[in-house]
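For reference, the structure is listed below as structure tokens.
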Amino acid sequence: MWQIVFFTLSCDLVRAAAYNNFRRSMDSIGRRQYQVQHGSCSYTFLLPETDNCRSPGSYVPNAVQRDAPLDYDDSVQRLQVLENIMENNTQWLIKLENYIQDNMKKEMVEMQQNAVQNQTAVMIEIGTNLLNQTAEQTRKLTDVEAQVLNQTTRLELQLLEHSLSTNKLEKQILDQTSEINKLQDKNSFLEKKVLDMEDKHIVQLRSIKEEKDQLQVLVSKQNSIIEELEKQLVTATVNNSVLQKQQHDLMETVHSLLTMISPSKSPKDTFVAKEEQIIYRDCAEVFKSGLTTNGIYTLTFPNSTEEIKAYCDMETSGGGWTVIQRREDGSVDFQRTWKEYKVGFGNPSGEHWLGNEFVFQVTNQQPYVLKIHLKDWEGNEAYSLYEHFYLSGEELNYRIHLKGLTGTAGKISSISQPGNDFSTKDADNDKCICKCSQMLTGGWWFDACGPSNLNGMYYPQRQNTNKFNGIKWYYWKGSGYSLKGTTMMIRPADF
């Protein structure tokens, strides 16, 4: 930049010197400007006006005089003077330029060196100041950076803690959401199940109401029948008394006649026929004696003269079966007392219960088998055969004992094992806090309350399903199916 300034000043000085020299040499000549360009410099000259030139008014106005040539010698002389002057000035300017270039180089170098030294000192001072300021700014920036780093580290730690806490909370939220979804699913399932149970309960309540109405009708009919039977019983009792009196009179008459006819015979000979009467303990003995027809036979309690009427099945599986229970038409009410189940009730040729006491005494004399024959309302039949069966005495509530199940009415025994005590409506010996005999009706070997009850309420066809208190054998038809008919019969194991 200093070189450019210096060169500009030099050009101005040269131009000024040339101008002054030319003006001094041209003082006597008229002034006219003439500019010359040389290199980077431009020169302006003031040229004199010629006195020998004529004025426009001195010319002849006609065309011949205007086209006539001027004075040639005078013009040539003036041009030569001007050329000489121009040549001298040019030579002088060239010398001046060379002088300026030779002499000004040293000064320009010195000026450049001085400018560089001054600039260097200034720049060094400026650089020193800048370095000091930079160092101060760097120190401040270092402090700020350390503070920022500490603050950033603290924020990163807080952010990490918040992130861990957030992850933990998110995990807890996910777990709680999953648990809520599970609970919602379970709640939906339970609600659906409750609705289904409500529907089932409504159906069952309707069915129970219908059963209740039917039972009320049946009870009314049975009450009428009972009243009629009571009347018939009174009549039969009266007739029986008359018949017994007549029989007694006839026996006395016969005895008198026998005494009159054979006065020599002793009383022992009179009752020979009675002493020769055959005693049967069960239907197997009846069968072995040659009586092989189904029917009612008189059996005698073991070690006793007490007799009982029993139905003997002489055809099923070889015969010799003593029937201890039969259900076929619902004509007999099996909701009886303990005493009635002990001695038996019903008609041996139809629905009846033979009696727990007789079965206990018979089955404790020798090993017996128990066969249970079942019928459903669709015409199907099945059976369960227990290879060993006996009852305990009344002191043990006629507890049942069974072993060795075979048959087609289920692979599992529907009579719970080990043996259960017998229960009736007035003797609750089951294993339930409820009273199974009252709930399910009938006397049976209830557990709590167990999968079977062949002495339950008798239901006719199309009313025999969904009955919890009917005649049931769970492992053949389920708990809600009431059977059409059942037969329980016993026979010695060695028959």
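Even glycines carry a Cβ here, placed using N, Cα and C.
Because the structure is a prediction, the values reported are computed rather than measured.
Per Swiss-Prot, the features are as follows:
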type: BINDING; residues: Asp428, Asp430, Cys432, Cys434; note: Ca(2+) binding site
type: COILED; residues: 165-247; note: coiled coil
type: DISULFID; residues: Cys283-Cys312; note: disulfide bond
type: DISULFID; residues: Cys432-Cys434; note: disulfide bond
type: DISULFID; residues: Cys436-Cys449; note: disulfide bond
type: DOMAIN; residues: 274-494; note: domain 'Fibrinogen C-terminal'
type: CARBOHYD; residues: Asn88; note: N-linked glycosylation site
type: CARBOHYD; residues: Asn118; note: N-linked glycosylation site
type: CARBOHYD; residues: Asn132; note: N-linked glycosylation site
type: CARBOHYD; residues: Asn150; note: N-linked glycosylation site
type: CARBOHYD; residues: Asn239; note: N-linked glycosylation site
type: CARBOHYD; residues: Asn303; note: N-linked glycosylation site
type: SIGNAL; residues: 1-18; note: signal peptide
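Neighbour count (other Cβ atoms within 10 Å of the Cβ, all protein chains): 11 for Asn118 (N-linked glycosylation site).
Taking the centre of the Cβ atoms of Asp428, Asp430, Cys432, Cys434 as the Ca(2+) site, the nearby residues of that chain (Cβ within 8 Å, site residues left out) are Ser423, Lys431, Ile433, Lys435, Cys436, Ser437, Met439, Phe446, Ala448, Cys449.
It is Asn88 that, of the glycosylation sites Asn88, Asn132, Asn150, Asn303, has its Cβ surrounded by the most other Cβ atoms within 10 Å. Mapped onto three states, the DSSP output places Cys312 (disulfide bond) in strand. Between the C-alpha atoms of Asn303 (N-linked glycosylation site) and Asn132 (N-linked glycosylation site), the distance comes to 137 Å. Put simply, of the recorded positions Cys283, Asp428, Asp430, Cys432, the one whose Cα is nearest the Cα of Asn118 (N-linked glycosylation site) is Cys432. Between the CA atoms of Asn88 (N-linked glycosylation site) and Cys432 (Ca(2+) binding site) there is a gap of 156 Å. Cβ neighbour counts within 10 Å, taken over all protein chains shown, single out Cys449 as the most crowded of the recorded positions Cys432, Cys449. In this structure, the recorded positions under consideration are Cys283, Cys312, Cys434, and the one with the smallest number of other Cβ atoms within 10 Å of its Cβ is Cys434. Within 10 Å of Cys449 (disulfide bond), judged by CA to CA distance, lies none of the recorded positions Asn132, Cys283, Cys312, Asp428. Between the CA atoms of Cys283 (disulfide bond) and Asp428 (Ca(2+) binding site) there is a gap of 32 Å, rounded to the nearest whole number. DSSP assigns Asn150 (N-linked glycosylation site) to a helix. In the three-state DSSP classification, Cys449 (disulfide bond) falls within coil. The average per-residue pLDDT of the prediction over the coiled coil (165-247) is 82, rounded to a whole number. Fewest other C-beta atoms within 10 Å: among the binding-site residues Asp428, Asp430, that description fits Asp428.
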